[in-house]
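Let me begin by presenting the structure, written as structure tokens, before commenting on it.
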Amino acid sequence: MKFVDEAFVRVEAGNGGHGCLSFRREKFIPRGGPDGGDGGDGGSVYFVADKSVNTLVEFRYQRLLRAQNGQPGMGRLRSGKKGEDLIVPVPLGTTVYDKETSELIGDLIEAGDKLCVARGGRHGLGNTHFKSSTNRAPRRTTSGEEGEARELKLELKLLADVGLLGLPNAGKSTFIHAVSKATPKIADYPFTTLYPHLGVVRVEEYRSFVIADIPGLIEGASEGAGLGVQFLKHLERTQLLLHIVDIAPLDGSDPVQSIQAIISELEQFSQNLSQKPRWLVFNKIDLLPPDVAQARCQEIINRLNWKGPVYKISAIKRQGTELLCYDLMSFLETNQRSI
């Protein structure tokens, strides 16, 4: 499914209903007083975080969201009906900005989070309100106020616990497919993953975490090379980064240079992102004899002066992936999510 991480939409709240100009007209009461009712408030537009929604794709086909207007007041002191609020479900992790001012309106993180993005107009008053000792038959009413209207920018950052880093063809898509139910497109050419993928890794019945696979980076991405760094923002809310490294690249490239290229792109994109906990995961160890694979991994560790956690896996054969997933689960449970 194509992933949409940005959308633009116009929201219009309902206008308030006008107040009513009316007088009592009943038999034997020739000069009845004012009985004009108030209008109804206009409906508001709300965004609600819904865990059953996972993209912003619907907003590509529905660019205008409009709540109902309030009904006008009526005689016999009857108020107009309030306009119905418009409740719009959005994915967890949606950030809402005012398109014109870039003002942050709100962030919808947890299921059920509710955000008013356009407030309905207040109702108008009927002529009953303007009766006084000197004016027994007021002909004055007020109009309902216009509802708020604004252009919005919606941005979706994936709410994943673990993010995958790596150059194209490092095996990230194969890894997420091996450990979760995600089914990203997998092939042997750069940029196979053109849109972010989420996978749920379930290590036991009630122990699971979410992992995000984003398009592979290449050196110079921050200058626009390859797919650029536009998808790196999806990793900003993760607690941990897994750096997938191909230790047997078919093009003969140097894994150390590949790792350093990724680190450089991270630092250029965001200092906070570059300082997140990061584990090295050496992939495709099945393509080398065990002693050669061990020696190559150790060489990379030494050249990088790497002090962090290291794992050796074969994603395609699911070798070493179970231990890695259990260790990830333990790390996440020890370090509670804080967004």
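Quick reminder: no glycine exception, Cβ is built from N, Cα and C everywhere.
Positions annotated as domain 'Obg' by Swiss-Prot: 1-159. Per Swiss-Prot, region 'Disordered' is recorded for 127-147. Per Swiss-Prot, the feature domain 'OBG-type G' maps to 160-333. Residues or ranges marked as GTP binding site by Swiss-Prot on the basis of sequence analysis: 166-173, 191-195, 213-216, 283-286, 314-316. The feature Mg(2+) binding site is assigned by Swiss-Prot to Ser173, Thr193.
Known features from Swiss-Prot, placed on the structure.
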residue	record	CB count, 10 Å
Gly166	GTP binding site	26
Asn169	GTP binding site	21
Lys172	GTP binding site	32
Ser173	Mg(2+) binding site	27
Lys284	GTP binding site	24
Ser314	GTP binding site	20
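Panel annotation: around the region 'Disordered' (127-147), residues 12-23, 31, 33-39, 42-44, 67, 69-70, 72-73, 77, 118-121 of the same chain, lying at least six beyond its termini, place a Cβ under 8 Å from a Cβ of the stretch.
Helix, strand and coil counts from DSSP across the region 'Disordered' (127-147) read 4 helix, 0 strand, 17 coil. When pLDDT values are averaged over the domain 'OBG-type G' (160-333), the model yields 82.
In three-state terms derived from DSSP, Gly166 (GTP binding site) belongs to neither a helical nor a strand segment and is classed as coil. When secondary structure is read from DSSP and collapsed to three states, Lys284 (GTP binding site) falls in the coil class.
Lys172 (GTP binding site) carries a helical DSSP state (H, G or I). On the backbone, the CA of Gly166 (GTP binding site) and the CA of Ser173 (Mg(2+) binding site) stand 10 Å apart. In this structure, the CA atom of Lys284 (GTP binding site) is 13 Å away from the CA atom of Ser173 (Mg(2+) binding site).
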